[in-house]
Amino acid sequence: QMMEHAWHNYKRYAWGLNELKPISKQGHSSNLFGNIQGATIVDALDTLYIMEMKEEFKEAKEWVEKNLDFNVNTEISVFEVNIRFVGGLLSAYYLSGEEVFRKKAVELGEKLLPAFNTPTGIPWALLNIKSGIGRNWPWASGGSSILAEFGTLHLEFVHLSHLSGNPVFAEKVMNIRKVLSRLDKPEGLYPNYLNPSSGQWGQHHVSIGGLGDSFYEYLLKAWLMSDKTDEEGKKMYYDAVQAIETHLIRKSSGGLTYIAEWKGGLLEHKMGHLTCFAGGMFALGADGAPDDKTGHHIELGAEIARTCHESYDRTSMKLGPEAFRFDGGVEAIATRQNEKYYILRPEVIETYMYMWRLTHDPKYREWGWEAVEALEKHCRVDGGYSGIRDVYHNHESHDDVQQSFFLSETLKYLYLLFSEDDLLPFEHWVFNTEAHPLPILHKDDENKEENPK
């Protein structure tokens, strides 16, 4: 029902535009997609399919066939367009078998290739998909590319090679990995900034939240997606977790485990909502953990899930803030005004879903249901779902954006949390960082198409 409310209002007020403004009942355009349109449609395709909203899936597919156009003179975020558009199209293809999705995914993948034309092959963050000219965010440490952005292309690009028969996509992302393996890592950690011209790290900031997060997720998932043959991805992941445990994971005086941020050797005792995905990641990776550490990784996942649940529970609205702190006598609470907002983010619910699937402890479904009730009470408006400006207030101040990832991730993870485990089982599917399921590539499928249902 939540998906129907979100989708039908998008269709009514913002059809064909990127996102919906549910209060003002009109379209919202984020500069992340330039003037490529239809982010919500492409992001929601697989959710519609999984929820068996057949009519809606059909109208979305027709829109993609007729209107999804990449021949535009526009600068886009390579990372955002990859995870939402390429990822969304790939999943829609693998789930439905409809050729139009494969064709569009490969066409878009080709448009992203010029981003890799740098001295090191580490791609630019921003790319004009008509001219092929790339650049980095002006605020990123001395012209650097961002770890989470260039580290979150691997799954999609491997699948683009698989579906197109063109090895170039996989080669580009394997090269990123080569560059990273060669570099010295301070304390075994990966800084968030890497200069694509010099191949050297920028500022030594390390985060498992924004700017770093999905790089680590994709190391683990590259190994899982390769049917556990990508030994290099596996080793890089478990080595990174070891360094994270040593240098970033701390326990508060109240007994909450959290992941701090590292700035040139000093810890900042704050954790972002984005970092909350890591509970699910640790649990998902527990099975392959070295020297009988499986139980330890599951435990770590459970601890992070509990901390993130506390960040929700300690607000008036029972929705978590963008970031929360463990210093100056507070625990799991946002202390700065610019960290008190909630933009319909999925990461905490994502971790509940993984923890539920891997432990079947009923509290994860209870916590997920608390989030559903809070979303319905505070974020649902006549025209869809809106983010909130301050989760500690008693009265909602809505931000008037229904993010495309609300349909792609938040609602999909909730649906999976309350579904049977055989819906998109982990032995067949790996989720990209936008919750788009991609099939595990078995060695014997190298040359043939597969369509696991």
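Counting begins at 1 with the first residue displayed.
Including glycine, each Cβ sits where the backbone N, Cα and C put it.
Annotated in TrEMBL:
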| type | residues | note |
| --- | --- | --- |
| ACT_SITE | GLU80 | active site, proton donor |
| ACT_SITE | ASP213 | active site |
| ACT_SITE | GLU322 | active site, proton donor |
| ACT_SITE | GLU347 | active site |
| BINDING | THR433 | Ca(2+) binding site |
| DISULFID | CYS276-CYS308 | disulfide bond |
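Overlay of TrEMBL annotations on the structure.
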{"residue": "GLU80", "record": "active site, proton donor", "Cβ contacts under 8 Å, 6 or more apart": "LEU32, PHE33"}
{"residue": "ASP213", "record": "active site", "Cβ contacts under 8 Å, 6 or more apart": "ALA148, SER207, LEU274, THR275, PHE277, ALA278, THR433"}
{"residue": "CYS276", "record": "disulfide bond", "Cβ contacts under 8 Å, 6 or more apart": "ILE304, CYS308, SER311, GLY320, GLU347, VAL348, GLU350, THR351"}
{"residue": "GLU322", "record": "active site, proton donor", "Cβ contacts under 8 Å, 6 or more apart": "GLY272, HIS273, ALA334, ASN338, GLU339, LYS340, TYR341, TYR342, ILE343, ARG345"}
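GLU347 (active site) has a Cβ environment of 24 other Cβ atoms inside 10 Å. In this view, the densest Cβ surroundings among the recorded positions CYS308, THR433 belong to CYS308, judged by other Cβ atoms lying within 10 Å.
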